[in-house]
Amino acid sequence: MLSYPGELQGCRVILYLVGHHLYLIPTTISMCGCPEEGAYMRRLWGYISIITATIFFGISATLDKIMLSSMHPVTIGAYTYIIAGIFLFFIRETPLREHVLNAINRKGESEARIKRNDYLILLLTALLSTVIAPLLFLTGLGDTTAVNASLILNVEVLFIILLGYLIFRETLQLKDFLGIVLIILGAVYLLTEGDFSTILRNVAVTGNFLVMAAAFFWSLDTVLSKFLSRKRDLIFISGVKSSVGGFVLLIIMLILGINTELPLEMLPYALGVSVFSIGCSFILIYIAIREIGASMVGALFPLSSLFGAIFAFIILREPFSIMQGISGIVMLTGVFILYWNGK
């Protein structure tokens, strides 16, 4: 039986990534024991890596929102994940591959072989994280603001904890219940926009709930991906998941007769999400895990939601009210409490 303070914290690290995208990694890959010489610089690079990853991931909602002005959600999802898959497979064929894999894996603690049953789990999680979840997210994003969408994604950690408890019987500490309550309080305000009287007639509220539904499917992917987390070649697994999702969405696009055009002016935004928000964030997060530990990365990565709201406010000129800010901070506090180990 897994223990939440250890294993589940490691799981959350990947939540967002693969949240847009990948899978979880148990805390056992955390490698904070740096040698004395250069230890400070290694930890510094670890913090720089995770902050950079949060910025890259945070801007994704804003870039998606811009693309929604000219493209269908299915089209955006298809091209985004196809490009991400190409990028990850490209990285896998470069010398950077071994550096990334060595940062992820500990000698003797990873499995080199991917079994037949693993491919079934890989297919299932690919459908959850790169087909269903992005469709819900992009459709919801079209009806709400990127500010709200970024902040609402924090409910992923709540779903991961609840699913971990229900499926794997993860143990919860007293402080975890406080964190859960804070996340729920912040989410309730953001989901309803503080107006319960018009909740059923408010299009923006519908969009908010679609974003929350996307967060659920991404969290389900994270929990189920536990069965893949000990594989050595996680770049391959991530590339397969992205590619499967992209091509499934492409098939859906063709069957439904959706416009397949990727406007030239939208190409930089699609590349930004695919290469930086998905691909580079994936690599940077694992580097950070190696240098500063999974728990610290898990506590810092939710800052991506705050960066996302700030980007939407500055670039899209979306409203960012004081109450939205307070709700976001309340949720971030809840996430931090869930990851805080008292050390």
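Glycine is no exception: its Cβ is also placed from the backbone N, Cα and C atoms.
What Swiss-Prot records for this protein:
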type	residues	note
TRANSMEM	13-33	transmembrane segment
TRANSMEM	44-64	transmembrane segment
DOMAIN	55-192	domain 'EamA 1'
TRANSMEM	71-91	transmembrane segment
TRANSMEM	121-141	transmembrane segment
TRANSMEM	148-168	transmembrane segment
TRANSMEM	177-197	transmembrane segment
TRANSMEM	203-223	transmembrane segment
DOMAIN	216-340	domain 'EamA 2'
TRANSMEM	244-264	transmembrane segment
TRANSMEM	269-289	transmembrane segment
TRANSMEM	296-316	transmembrane segment
TRANSMEM	320-340	transmembrane segment
Counts of helix, strand and coil residues, the domain 'EamA 2' (216-340), according to DSSP: 102 helix, 1 strand, 22 coil
For the domain 'EamA 1' (55-192), the number of residues DSSP places in helix, strand and coil: 110 helix, 1 strand, 27 coil
